[in-house]
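Contents: one structure, followed by commentary.
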Amino acid sequence: MTEKGKPLTIVLATQNQHKIDEIRTILGDDINYQTIREYFDLKLQETGRSLRENSFTKAAFSYKVSGKASLADDSGLFVEELGGEPGVYSSRYGVDDKERISKLLANLKNKKNRKAKFKAIFVYYYAPGSFEVFEGECIGRIAMEPRGTGGFGYDPIFIPRGYNRTFAELGQTVKNRISHRAQALAKLKKYLMTYK
Ligand code: ITT
């Protein structure tokens, strides 16, 4: 809620329905959510060389077309043995999730070091030239083969630290408590409670 008792409206600057569902669940029902699709129906282009740059571009563009506070999420999976790949190119690593996962597992074949982390960078753009950045990461390792049906993207091959099952096996309740997105959004939530 804002000071005036009216719910805050936030435009979610993402085309990814899974991200939208996770963001709404983590941030809760006190916010009035809209999505960029209500204002613009093409895929937002990602040409930046960092998550931060891409996230900023998406949030600033959403603010420009909607005139409302906008929240973008750029995220990726960083695998140590692969020098941080696919990283910022996570969504461009293959044509679909199946191909991206196969490619990653093939590149890690016979490698001992399977350490990886998910990173998410959120940009909250709320007035002309005014924005805040919130980061989150979740450390873990890459499974030997895909397991589980929950979540999206690389979830079937990511095992968070402290667990033996993948995000896709653990399910949405556990994921939304410990994920990179949960870590970053906890910071945004605190910011909104303090300043909005
Ligand atoms: P928007 O740009 O519209 O937000 P997108 O799906 O293209 O949607 P990104 O550019 O941030 O999102 O790409 C993120 C990539 O990383 C994408 O391939 C996802 O599958 C993967 N990814 C991000 N967060 C993930 C998560 O929580 N679980 C599994 N994979 C994730």
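Keep in mind that glycine also has a Cβ here, set from the backbone N, Cα and C atoms.
According to TrEMBL, the features are:
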type: BINDING; residues: T14, Q15, N16, Q17, H18, K19, S75, F152, G153, Y154, D155, K175, H180, R181; note: substrate binding site
type: BINDING; residues: D74; note: Mg(2+) binding site
type: ACT_SITE; residues: D74; note: active site, proton acceptor
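Shown here: features listed in TrEMBL, placed on the structure.
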{"residue": "N16", "record": "substrate binding site", "contacts (Cβ under 8 Å, 6+ apart)": "F152"}
{"residue": "H18", "record": "substrate binding site", "contacts (Cβ under 8 Å, 6+ apart)": "G151, F152, G153"}
{"residue": "D74", "record": "Mg(2+) binding site", "contacts (Cβ under 8 Å, 6+ apart)": "E46, G48, L51, R52, N54, S55, K58, V88, A120, I121"}
{"residue": "S75", "record": "substrate binding site", "contacts (Cβ under 8 Å, 6+ apart)": "K19, L51, S90, F118, K119, A120, I121, H180, R181"}
{"residue": "D155", "record": "substrate binding site", "contacts (Cβ under 8 Å, 6+ apart)": "G148, T166, F167, A168, K175"}
Local backbone state of G153 (substrate binding site), from DSSP in three classes: coil
Binding-site residues near ligand 1 among T14, N16, H18, G153 (Cβ under 6 Å): T14, N16, G153
